[in-house]
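The structure appears right after this line, and notes come after that.
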Amino acid sequence: RLPRRLFLQGVAAVFMFAFASLYTQIPGLYGPEGILPARKTLRPQGKSRWQQLWETPTLLWEAPRLGLDTAQGLELLSLLGTLLALGALLLSPLRHPVVYLLLWAAYLSACQVGQVFLYFQWDSLLLETGFLAVLVAPLRPASHRKQAPQGGRAGALPHEDLPFWLVRWLLFRLMFASGVVKLTSRCPAWWGLTALTYHYETQCLPTPAAWFAHHLPVWLHKLSVVATFLIEIAVPPLFFAPIRRLRLAAFYSQVLLQVLIIITGNYNFFNLMTLVLTTALLDDQHLAAEPGHGSRKKMATSWPKALLATLSLLLELAVYGLLAYGTVHYFGLEVDWQQCTIHSRTTFTFHQFSQWLKTLTLPTVWLGVASLAWELLSALWRWTQVRGWLRKFSAAVKLSLVSTATVALFLISLVPYSYMEPGTHGRLWTGAHRLFGAVEHLQLANSYGLFRRMTGLGGRPEVVLEGSYDGHHWTEIEFMYKPGNLSRPPPVVVPHQPRLDWQMWFAALGPHTHSPWFTSLVLRLLQGKEPVIRLIQSQVASYPFYKQPPTYVRAQRYKYWFSQPGEQGQWWRRQWVEEFFPPVSLGDPTLETLLRQFGLQDKSPARARSANSTLAQALHWTRTQLSPLEAPALLWGLLVAIGAVRVVQALLAPWSLRSSPLAPASGEKRRPAPHKDSGAASEQATPAPNPCTSSSRTARRKK
């Protein structure tokens with residue numbers, strides 16, 4: 001039960017960060033004067049209301065009924081999502097399926113109008129995880145349930161573990177696919193085990209720690225790549241191991257990987273989301289949810305149990321030995337004692353790996369089927385232990401519904417999971433394909449594959465915007481987060497995601513025509529639109545053209561490298577490569593042609609909404625109060641507030657216990673407590689009271 005509680009709290013926290021981060025960027029990204037106005041994405045096609053909602057599932061269809069435009073409706077959804085997620089994080093009664101369904105629907109609504117700025121894998125991962133939280137969340141708090149018979153978990157329901165198994169399956173799909181695609185992409189950096197010699201320098205938003213990690217020895221980088229393959233490909237099958245120590249070892253390996261990524265890179269809430277998924281590998285015993293479990297004396301066990309424990313230990317050691325042997329064999333690990341290094345190389349070919357993948361992908365599907373079947377049988381057995389025909393009937397209905405939903409979601413997930421191996425994808429049951437096609441637009445299951453190819457092998461490509469009043473003297477436009485100024489250290493912005501800075505990183509990988517939104521960005525800078533300027537510099541006075549928009553704007557492509565350890569006051573080195581975007585001004589034929597080609601011209605002005613409505617005024621006032629804060633400061637402020645509330649809750653807990661019905665009245669005197677040993681002896685000697693009279697007798701004894 002405790003891992004499920006941690007999972008629900010973690011999902012609420014990630015939703016809170018995601019909504020709050022998005023809220024700070026809505027005017028510049030999606031407002032009427034933003035880069036990609038959201039109002040252009042929702043065009044009524046003359047269809048019925050429900051058909052329109054099913055094809056484009058977003059609550060923003062209802063924004064006009066509230067007197068709001070699409071961007072204002074998105075602001076309202078983000079604010080409500082932040083507050084609702086904050087409530088679910090702090091208050092257990094709000095960890096309810098309806099609350100998580102609202103959070104999922106709100107974020108899905110935002111993704112429908114988010115366009116390229118919300119097309120990230122972690123947005124899809126959050127939607128899939130959020131929907132699983134709807135099934136995992138209990139309908140009633142555990143404290144309101146009646147006690148289970150002796151030997152069972154207090155208040156446990158037969159169906160409770162089934163949805164939580166889907167979280168483990170999602171974690172397996174995420175990690176296994178992320179490891180496999182690195183090799184199926186034929187990226188020379190991954191195959192040569194040199195990917196991390198480039199990664200820290202070329203990732204989107206490195207942290208200061210990335211500079212230090214980049215300068216580690218090459219042999220250690222290559223060994224780290226080997227460890228990455230081990231953690232992402234070899235370890236995930238252990239998520240379903242029957243031996244809990246193997247599952248715990250898999251848990252700590254995943255946590256280690258995610259923590260190292262968080263230290264060296266700003267990947268917003270993605271790594272936090274992955275850490276939340278790893279709670280599915282834990283149990284109450286490991287989290288000390290069973291008081292006194294660790295202090296119990298070992299009792300004599302029968303020989304079958306002792307034999308089983310010995311066999312489990314031998315199997316565990318065999319698994320560790322197999323992992324170690326496979327790592328040494330397939331990556332040619334050799335210890336050089338003279339230089340104190342470990343040499344590594346890939347000893348298998350792409351053809352051999354492809355054959356291995358064809359052989360193994362379908363068995364991993366059957367591994368999931370077998371694990372799910374075990375969970376279903378365990379749930380059925382727990383149902384047989386339910387007492388009373390009415391409770392048994394109610395438990396049967398719940399178990400049937402949850403089992404059907406679990407199996408359906410598992411079947412749906414097999415389709416995107418098998419994308420990495422076309423042969424297995426073609427052999428899947430056709431019913432699974434039809435089921436996935438029916439709900440694909442709801443993003444209930446998605447394909448994953450992170451860091452597929454390593455970019456910037458010859459230097460980190462970076463786009464630098466420049467503005468000018470005369471076309472001869474140019475001034476660089478520096479962003480808050482992405483690399484620009486050579487002497488500025490990399491920032492730490494997690495869990496915030498500056499989505500414009502991220503897209504600037506993708507834009508630098510190709511020509512500007514591959515990123516149509518970049519032309520709209522240039523237009524907004526020429527027009528001097530403040531919402532877009534605040535995406536670049538939250539303090540408008542730091543923007544070089546805040547008094548008057550530039551007459552001309554252009555963009556240059558550079559290659560950046562981390563500075564060497566001896567260079568004082570420099571974090572980066574750079575070299576000019578080419579012109580990325582030609583110099584343009586308002587009314588320039590080149591600019592007008594690009595805007596027309598990409599459909600970015602404002603053909604019709606935005607509909608005027610009533611700015612005098614109470615809701616619109618409240619949104620405007622909230623924006624005015626929060627706009628001076630930088631987004632990372634806002635999110636860190638939420639973290640501090642949550643910590644303060646937790647401290648207050650911990651301090652008030654003893655007072656709430658004193659005010660319980662079993663506590664003595666304030667005017668009554670307390671008798672001295674009996675000696676600990678004698679009290680324990682008397683409890684053991686006292687027979688168990690009748691359930692009907694136990695509470696009253698206990699109260700009288702304490703009185």
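Cβ coordinates come from backbone N, Cα and C, glycine included.
Feature annotations, reproduced from TrEMBL:
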| type | residues | note |
| --- | --- | --- |
| COMPBIAS | 667-678 | compositional bias 'Basic and acidic residues' |
| COMPBIAS | 681-697 | compositional bias 'Polar residues' |
| DOMAIN | 119-288 | domain 'Lipase maturation factor 1/2 N-terminal' |
| DOMAIN | 444-582 | domain 'Lipase maturation factor 1/2 C-terminal' |
| REGION | 660-703 | region 'Disordered' |
| TRANSMEM | 7-26 | transmembrane segment |
| TRANSMEM | 71-91 | transmembrane segment |
| TRANSMEM | 98-122 | transmembrane segment |
| TRANSMEM | 249-270 | transmembrane segment |
| TRANSMEM | 306-328 | transmembrane segment |
| TRANSMEM | 365-383 | transmembrane segment |
| TRANSMEM | 395-419 | transmembrane segment |
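Remote same-chain residues near the transmembrane segment (395-419) are listed as 132, 135, 157-159, 162-163, 165-166, 169-170, 173, 177, 361, 365, 368, 372, 376, 379-380, 383, 386, 425, 428-429, 431-433, 435-436, 439, 444-447 (criterion: CB distance under 8 Å, separation of at least six residues from the stretch ends). Here the transmembrane segment (7-26) lies next to the transmembrane segment (98-122) in space: the count of CB pairs under 8 Å, restricted to residues six or more apart, reaches at least 3. Sorting each residue of the domain 'Lipase maturation factor 1/2 C-terminal' (444-582) by its DSSP state yields 33 helix, 34 strand, 72 coil. Summed and averaged per residue, pLDDT over the domain 'Lipase maturation factor 1/2 C-terminal' (444-582) gives 94.
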